[in-house]
Amino acid sequence: MATNFLTQIFGSRNDRLLKQYRKTVERINALEPEFEKLSDDGLRAKTQEFKDRIAKGETLDDLLPEAFATVREGSKRVMKMRHFDVQLLGGMALHNGKIAEMRTGEGKTLTATLPVYLNALSGKGVHVVTVNDYLANRDAQWMGRLYNFLGLTVGINLPQMPREEKQQAYGSDITYGTNNEYGFDYLRDNMVYEPGDRVQRMLNYAIVDEVDSILIDEARTPLIISGQAEDHTDLYLAINKVVPLLTKQEGEADPRTGEGVTVPGDFTVDEKTHQVFLTEDGHEKAEQLLGEFKLLPEGASLYDPANITLMHHLNAALRARHLYHRDQHYVVQQGEVVIVDEFTGRLMTGRRWSDGLHQAVEAKEGVQIQAENQTLASITFQNYFRLYGKLAGMTGTADTEAYEFQEIYGLETVIIPPNRLSKRDDQLDRVYKTTREKYEAAIQDIRECYERGQPVLVGTSSIENSEIIDGLLTQAGLPHQVLNAKQHAREADIVAQAGRTKMITIATNMAGRGTDIVLGGNIEKMIEAIENDEGRDEATKAADIAHVRDEWTRDHEFVKSLGGLRIIATERHESRRIDNQLRGRSGRQGDPGSSRFYLSLDDPLMRIFAGDRVKAIMDRLKMPDGEAIEAGIVTRSIESAQRKVEARNFDIRKQLLEYDDVSNDQRKVIYQQRNDILDAADLSAQIAALREGCFTDLVRQYVPAESVEEQWDLQGLEKTLSNEWGIDMPLKQQVEAAEAVSDEDIVDMVVKAANDSFDAKVALIGQENFTQFERMVLLQSIDTHWREHLASLDYLRQGIHLRGYAQKQPKQEYKREAFELFGQLLDSVKNEVTRQLMTVRVQSGEQLEEAADALESRGENVSNITYSAPTETGEVEVRLDEENQRRIAAAGLGLGTLGAEAAAFARVGRNDPCPCGSGKKYKHCHGKLS
């Protein structure tokens with residue numbers, strides 16, 4: 001109450017910011033007449049003038065009014081579009097590192113040109129982030145004309161581009177690309193073996209288009225680069241035979257009394273959390289069955305450390321059978337399991353569930369089981385975008401998530417007023433008892449719109465629902481077009497024409513995002529079609545264009561008179577923001593429009609969160625069949641349910657981020673080390689530090705710290721140094737000859753002997769010949785252990801919640817154990833690198849160079865590299881790295897290269913891990929060749 005009172009007096013934070021920005025808008029408007037008088041060359045010369053002023057110490061904020069005036073004038077000349085004052089406000093919010101909420105149709109793409117131009121003047125690069133390749137291409141070409149006119153370079157960063165083209169795109173003043181591609185380039189840059197192979201420069205400033213989609217909807221799914229891992233096909237098939245023999249328990253047991261179970265069973269299913277849990281009896285039965293199938297040794301428990309993987313596979317098979325259903329969560333097409341996206345209903349071709357779940361579903365369906373992948377590198381969008389020096393975003397719907405943007409990213413949301421107020425009529429929801437009644441009412445509404453000529457956009461949340469509407473409209477004899485997973489290529493064209501008279505378009509949630517629905521149809525597309533028709537001469541084209549313009553004007557006014565675009569939705573999404581996005585398709589730039597949601601008590605959101613309350617209202621009112629309830633209290637109940645779901649989803653994302661922050665800190669350390677190794681001209685100091693650490697640890701196994709001579713095992717230490725490290729030193733003799741020797745002296749003696757042994761090897765061929773080999777051994781070891789570490793963190797994360805039962809804080813336990821694992825990773829790298837460099841037998845610089853090249857090739861040529869990333873529709877896309885596959889094929893690694901490498905590793909013990917980093921024993925890997 002007090003807050004509202006103060007807001008009325010002083011205005012909200014948003015009002016105060018806009019008031020401040022409006023003063024700058026007045027200064028920009030005052031400059032307009034002066035800039036209009038400039039010639040094209042004079043306007044273009046402003047860019048160099050601004051750069052010179054920055055070099056002399058002026059800030060971007062000092063230049064803002066003039067820079068914005070330059071862009072506005074350039075846009076008038078090149079694009080025939082003048083920035084509105086509200087677009088200048090949006091540009092200032094973006095420059096200040098905030099999120100600008102601008103309604104659909106308010107010109108976000110043009111608004112972005114203002115801060116993009118201003119920040120590009122610094123010469124540090126600006127990244128414009130879009131949700132898909134189509135928009136990146138479209139915006140770069142469309143707005144590129146303006147930037148080029150003003151003397152700035154523009155690059156487009158697309159998937160599968162050759163490395164040289166990517167470097168050129170990132171070297172431009174302004175780079176357009178998708179969020180996924182920027183993130184993957186960052187990960188790939190931290191996997192290269194040559195400094196010149198990196199493509200990105202510093203992460204200076206990014207503007208994220210559709211920021212809610214990228215930083216919230218896609219934030220639960222990390223970017224993952226993976227390669228082929230070990231094959232467990234037989235295990236999946238065997239466990240698939242065990243699972244049908246376990247029975248489901250009906251009812252839930254009260255933890256205090258044990259009552260509540262109606263039918264005893266081996267496992268319970270929790271649909272809300274999407275998990276399956278074995279009961280106590282179920283554990284015993286599962287262990288017995290696994291023993292019968294020879295999967296579990298006699299007397300062993302599923303909880304033994306050695307059987308963690310088996311438990312993991314059993315859980316995946318139970319979830320696959322009881323929580324993932326064919327034609328609802330996935331479809332089987334051409335012998336493959338294809339996931340159906342729960343939000344949009346689109347088929348996610350190429351995407352695979354992780355943690356062995358996809359393979360378990362493949363085993364259940366009896367299709368070919370494809371091998372699991374090993375994660376090579378991974379990052380979440382939260383942690384990638386927080387690497388930028390300055391971040392900003394724009395969207396039509398950010399206000400409902402403003403708290404999350406502030407909490408997670410430190411981004412403030414500024415609501416930019418529309419240029420013209422919307423005339424859209426958002427009608428109250430209509431709630432019916434059954435799904436059948438709901439669809440009948442929606443079809444009747446569509447029929448009425450069609451008969452009077454009003455265009456309709458029908459929004460659905462899944463392919464399944466869009467197909468139901470499609471079938472009902474066909475049955476009703478109403479012509480329409482469907483926009484879902486099967487129509488990707490035509491999305492923008494269909495959406496552009498969805499505003500024509502008598503047009504009925506069915507669209508899943510995010511289809512065709514980024515394209516405006518213009519009442520009467522998109523005239524630009526119509527004119528473009530005429531201009532591209534080579535069969536017409538210029539005079540005919542001009543006449544046809546004039547005719548099309550007249551016809552469009554009539555249609556436009558006619559559709560406006562009917563009430564504009566009608567939005568009909570057949571269910572509420574669990575996020576208010578996505579409902580608002582659907583509504584926002586109508587009533588653009590002051591056009592009329594209307595929207596209505598048709599719901600039933602059977603809808604998932606109603607059933608789980610709001611159904612009982614609304615059903616009670618219906619029963620009290622004694623509603624007859626076919627009648628709907630339409631009241632503010634119902635709409636508010638539904639919005640309250642949505643708020644609960646949004647809060648829950650926010651908590652999930654926040655918790656994920658807190659866990660990911662642990663691996664993010666470790667990722668920064670590893671990537672920093674990698675870059676230092678890549679850029680260093682000489683690695684001898686780093687290698688010496690690793691060697692000292694390794695031999696100190698070795699000595700401490702035989703000569704404990706602060707111990708007396710009687711506790712020392714010098715004979716054992718001598719033997720180990722000779723057998724494992726090739727260092728022959730009469731340690732016992734030296735100690736006996738000396739007057740007084742401490743444990744620290746022993747360490748110094750052994751480290752000196754190791755240094756002398758290594759220096760003698762280096763002196764043989766020269767340090768400069770050795771550096772590249774050292775670099776490759778270091779990078780290979782870091783990469784191999786980092787990948788194993790990522791898998792360990794993943795497994796740790798999955799079981800960490802169980803620590804809560806031991807009265808421990810799972811998050812703290814995760815941090816502690818992850819830190820221990822990271823310490824083990826660094827120790828493993830230290831020991832492995834030292835062992836490889838100490839035991840390698842070197843005869844010539846050429847031989848060492850060949851071995852370094854072979855290590856580099858092995859590091860770069862991982863087979864079947866795939867990229868897993870969320871898309872703007874909520875689906876997760878997985879694609880193969882075609883460039884990588886071509887490079888491997890071209891390299892054609894043969895025995896000659898491997899033979900040279902094997903010779904270089906000739907002093908490695910037969911049962912030791914192979915120095916190439918494959919994880920196999922030396923005798924089963926390169927030892928075969930020596």
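Just so you know, glycine gets a Cβ as well, placed from its N, Cα and C.
Pulled from Swiss-Prot:
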- Gln87, Gly105, Glu106, Gly107, Lys108, Thr109, Asp516: ATP binding site (BINDING)
- Cys914, Cys916, Cys925, His926: Zn(2+) binding site (BINDING)
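On the structure: features taken from Swiss-Prot.
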{"residue": "Gln87", "record": "ATP binding site", "Cβ within 10 Å": "27"}
{"residue": "Gly105", "record": "ATP binding site", "Cβ within 10 Å": "22"}
{"residue": "Glu106", "record": "ATP binding site", "Cβ within 10 Å": "23"}
{"residue": "Gly107", "record": "ATP binding site", "Cβ within 10 Å": "19"}
{"residue": "Lys108", "record": "ATP binding site", "Cβ within 10 Å": "24"}
{"residue": "Thr109", "record": "ATP binding site", "Cβ within 10 Å": "16"}
{"residue": "Asp516", "record": "ATP binding site", "Cβ within 10 Å": "17"}
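Same-chain neighbours of the ATP site beyond Gln87, Gly105, Glu106, Gly107, Lys108, Thr109, Asp516, judged by a C-beta within 8 angstroms of the site's C-beta center, are, in sequence order, Met102, Thr104, Leu110, Thr111.
Mapped onto three states, the DSSP output places Asp516 (ATP binding site) in coil. In three-state terms derived from DSSP, Glu106 (ATP binding site) belongs to neither a helical nor a strand segment and is classed as coil.
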